[in-house]
Amino acid sequence: MHMKIKKFKKIKKKSKILVKAKLIAQQVENNREEYSALSIEDLRIRTDYLVDGLAKDKFTLEDIIVDALSIAREIIYREHGMLAYEVQMMGAYVVHTGDFAEMYTGEGKSLTLLLVSFVNALTKRGVHIVTVNEYLVERDALFAQKAFEKLGITVGYNTSKLSKATKKEMFARDITYTTNSELGFDYLKDNMVRDINEKVIRELFFVIVDEADSVLIDEARTPLIISGQPKEDFSLYLDIDKFVGSLAEDDYKIDNESNTIALTDQGVSKAEKFFNLTNLYSVESAEIVHKITNSLVAHYIFANGKEYLVKDDKIYLVDQFTGRVLEGRSYNAGLQQAIQAKERVTIEPENVVMATITYQSFFRLYEKLSGVSGTAMTEAEEFLKIYNMVVVRIPTNKPVARIDKQDYIFGTKRVKWNHVIQEIVNRHETGQPILVGTASVTDSEIIHERLTELKIPHEVLNARDNTKEAEIVKHAGEKGAITISTNMAGRGTDIKVSDEIRELGGLYVIGTERHESRRIDNQLRGRTGRQGDPGESRFFTSLEDALFKRFATDRFEKASQKLEEEFYDSRFFSKMLDRTQKKVEGLNFDIRKNLMDYDHVLSLQRELIYKQRDQILLKTNNLNIINNMIDDYVETEILNFKNNDNTSLVDANKIVAFLNEKILKFSYFTPATFANMPILLAIDKAISIIKKVVDVKCKILEKINGLNVIDEILLVNLDQKWTTHIDKMTKLREGVNLRSLEQRSPLNIYIEDGNNLFERMKINVVTDTITSICNLSLPNEMIEITNALDEFVNSEEFKKKNYGNQREIEQNFNSALSFSGSATSEFDNFIESELENTLIEETPEEYVEVEEYIPQQTEPEVVETETTPYGFEIPKYDTSGTDKYELNNGSSEVNILENESDIFENSFSQIQNTFNTEELDPQETPHTAKADDQFVFESANLEDDIEEIENVSNIDKAPEIQQPLSEEEIQKILDMPAFKDDEKPLTIGNYLDNILDSMDIDYDQDKEITQQLEPSSNEQEVTANIPEQNQLDITTSDIDNEIELLDESERESIKEEIQKSISFDLSNDPDFIEYRNSVFVNKNNGIDYSDYKKLNEDESDDDIKAFYKLPKVDKKEPGTLFGGNLLKKTPFNFKNKNELDNEKIKSTNLFREENQASEQELNTLLQLDDEKDRLEKINQLLNKEDPEVLERKELERQVEFETPVYYLEDIPEGESLDNFKAMDNPHEEQSFEDNLVDEENQQLEFEEALDEVIDDGQFNDEVEAAELSEEVLEEVINPNPEELSEEDKWLITKKEHEKFMEKYLGDVKELTSENPEVVTALLQEKNKNLKDVEIIENNEELENTNEEEPNINSQDSFLNNIKIIKTVDKESEDETEIIQEINQPAEIHNLQKDILDYLKENNKK
């Protein structure tokens, strides 16, 4: 069979993406005047309209991109005074399209992310912004929150300190800032939960990765691992550490290029002697070999201060790319224990992997992935192949003025350090600030010690102490500052310089060693010369640096001869460094690509497991899942019960023993029931019997409310078997390279064996689940099962299950037998089409052949046939050739490994390349989320100036197979514009090599330095041309020139693509105008809450199904293991309950404030006989605004809108809004002006009457002023209490207030002065998240305390609404000041009550 060659359509050049971005940015700039004239309310209305239109599919994000960017730009400018540059809007557009924007350091990437996150947040599906540390997460989230929440776009952040409930609330917001590791671990924990409501992440819609090259490239080799269930045995570690420590250099060999280590023959002999072994590499010694390998790495490859730190009797990992300590991480597979033994710290038990995922697999789960960084062009090919992102370089806002000088090369580190210190001293004397970048903590401490000896002040920022990171970096640009730092990638704080420093030449950056990647060097250089500032950089390297030792050994001797005590900065050494770095980058890419290929197999299995867990957690279809499992279980078991004399019949004794002993646990069936029964019919009957038994058990459980036991059994068995499967897959991965002697690709072997392991895991899950259910001991189960079986076995349905369908059964069975181990499971169907195209290595033939199934297996030979009693022939196969794994251990004996779990669990060549780290779950609580794999594997590259490939939109379909191409078709392919004349392939094989491997695209823009440089002395400085890779020479004017160079058709093509985005005019859109006129608008609120949905706390199954919007499916689905409804949407698409409740409270308060008290409230007040109840009701009414303020608001509202305002709370239950509007409105009986005159007269009359009552002394001081009797109201205020106006009532409360305060205020002051700790204690009790006591004003800061917003009408609400803006002190006078600020009678009353209750509880007088 031959693979059909995909003809990729021609698409635009990379520069055309920039052209489109600039046209969009220009249109946003054109809208500046219009949007700057809008009020906040107008911006909010436009935002709400865009949200509503997207939800109803009126338009797409592409249509409204210009207006959305205009809104975001304007609100950010108003709140922060920062107006986005044109280049930032261009970057936002590139990121929005799902590509990679390379923005030079200091060009405002954070603001760019704000713009694009707002645009995509309009979908209300959640935007995740990933940054490199938690400090930046909180800083940027608060920055965004201030601007966007005024427009109804919520912003949250996710850090390791947050509780699970808070994380869930944060992820429910429209924009969530998080770190990459925390996001990945939350995803894994979500897929280990036992309750679906414990999941914190909603759908994986759109993620923007800041410093994406660091996250997606540098950290791609480090899987995220959650471990648990520790293994107890670690006694061998100290013995092995002692042995490894005694080895000589001849006993082991280090491959510097791959950074691996292994014992030599001499070392193997020593090991066998030390451990008293006959053969070190026998299967029995596998564990010892594994631990020796780890110990070799710990002793001779890893070093304290570089890969890890020893602190407080613990091992802390160090991020090799940023120099930060990786909190909560540890090496897995025993390497952590080997390091602990080496450093003589406490050895912790080795852990079992419970969940794992790589960043490559995780981020491809998102529907849309994009990234930004200052250095990505060198890895453009990898971003395209792995993540399907085109790297687009964004022009700088101002020309780059930094000077990158030629490297200084030294022969030894000793000479290098001397020159580095001398350079620092010389520059420090001029006052120029200096930033020194080192590759390790050890190097930074060497410079620190030397400068300390010279008494030169400086700051050190490394993994040992990074608590003051932001502060240190902030002052690094001041005069005379010297900052020594490990890798500066992702530090996130701009180093700003003053005019004085600019005169001195700006910040001077010294690199003390070239890194493995040119990107890391460029990131260090990029710390100076931001936004057109002057700056300078130079690297000091020696031939003893790690980069030379590992990767330039062939040139080391030649280079050493050129250097003695002097240094050179010649073209020879510069080119050697560049070639060496390119070599390392290529090697690392191969490692990451290899890791991705292997991880893709596991990720497909992971997706099926996680989807199945979701089905179980939903609890809507678990009985159907059980029934599917029974089908698989019975068939697997009973196929082993063939009659020895006639294999087409079942062995009656075996099947009876199976049913009575394993299923029923009591004797019921006899061999006569299954005598002379064909095995396939026996399977059918046994399935019916077991389903009936399980059905009876479920009915019993339902009676005792125990159906959740079934759910728990399903989850426990699935989780346990999945954990075991991960462990087996890890061992298979580590040992698969040892089987290369089979003359097969290790990857193909891994695919085949991994698939077999997964099939075995499924069988084990089914077996253990059904067995566990049948083993449940329930009340009266024997009687009920017996009665049910009697009825079922004697039924006509059971008796009529004759052999009428035997032909169909046997034909299906024959067909099933024919594959003999071929991939036919749901899992295989799910992954085969992808594996064929993406994972199977290409053959070197001219035509690429793809086997129809994976793994490739030979169909067994038919040796004979048998005839059934019903005349059908069943073939018998020769199964003697069943695969077993053979391992030649070097002895004459060949060990047979019966299953994959016995394969070597050690790796002699791979463990050092992928030093996995893991996060230990301290609670060991099993934690699931939708695992939609949006894996898009692009099998072609993008020619830099030629074309991009078409996205692969359907990865589930198998490739089409067709006959070899004709010469004419081949010629058409060769004539495609994707190839230049000199790149035309000669054969189809070459063509596929170019498409599937590489077009030799040179994304590296390095210019060769042709200037010959002579050796220079300390006094002489040599300046070379700046390499193009270190500067952004593209400007916006270049893009204009590019547009001019385009022909008319190309120009029109670009404009046509974005015409809809540019021409969309929101202001003149008829739908928007209608929306604006119809929507309820108020200066304080512009939201209609009628469309919001929420789930009640006690959700029913129907609620959950509606929430997930699941289809009704009763049969197996191809996306799961055992069936169930396939998830179509991820949970938590709606706002969380707290947010909805808060919005409801705000809406209710608005109604109460605008309408004051309702007639019903007033009548209730007047009819209360009990004085205490009446006082409480009045206190509630007093929690309202001044009536004069309300009157003014009402006047403004009426004048502005000239129509009555209807509130949701006004509408009776079941009544429509239109009908409600048609009702009589009492406020419309008179004109507004007439009402004002009448109300004014009533107020004057009322005030006079009330003053007379007070002056006559009708109020008794002994009686609290608020307790107005019904008689007083009737006699003084109005002869008819029911006609009392709202204004009169408010005047009553105003007068009450003055009298009320005099008595209560004194009582409370006295209580608090005698017990000064009371207020503080009460406040801390109400808000446990505050250490001292942070006073909250008007609930504006309440969200930061993670507390629900209180109901303002609740009696204890006062303590959450104190109107003081300072921290509570323990001093009594400060507390007195607090009380004086409280000016509401209801608050005083509640405070006094709370204080008295507190004193009573604490037995104080």
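Cβ atoms here come from the backbone N, Cα and C positions, even for glycine.
Sequence annotations record features per position, and here Swiss-Prot assigns region 'Protein translocase subunit SecA' to 1-1099.
Around the Cβ of GLY106 (ATP binding site), 22 further Cβ atoms fall within 10 Å across all displayed protein chains. The secondary structure of GLY106 (ATP binding site), as reduced to three states from DSSP, is coil rather than helix or strand. According to Swiss-Prot, the feature ATP binding site maps to GLN88, GLY106, GLU107, GLY108, LYS109, SER110, ASP494.
As annotated by Swiss-Prot, region 'Unknown' applies to 1100-1405.
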Those residues of the chain, 6+ apart, with a Cβ under 8 Å from that of SER110 (ATP binding site): ASP140, PHE143, ASP210
C-beta crowding around GLY108 (ATP binding site), within 10 angstroms: 21
List of residues, in chain order, with Cβ under 8 A from that of GLN88 (ATP binding site) and at least 6 apart: GLU107, GLY108, LEU111, THR112, LEU115, ASN397
Proximal but sequence-remote residues of the same chain as LYS109 (ATP binding site) (Cβ under 8 Å, at least 6 apart): GLY91, MET103, ASP210, VAL372, SER373, GLY374
For GLN88 (ATP binding site): DSSP state (helix, strand, coil): helix
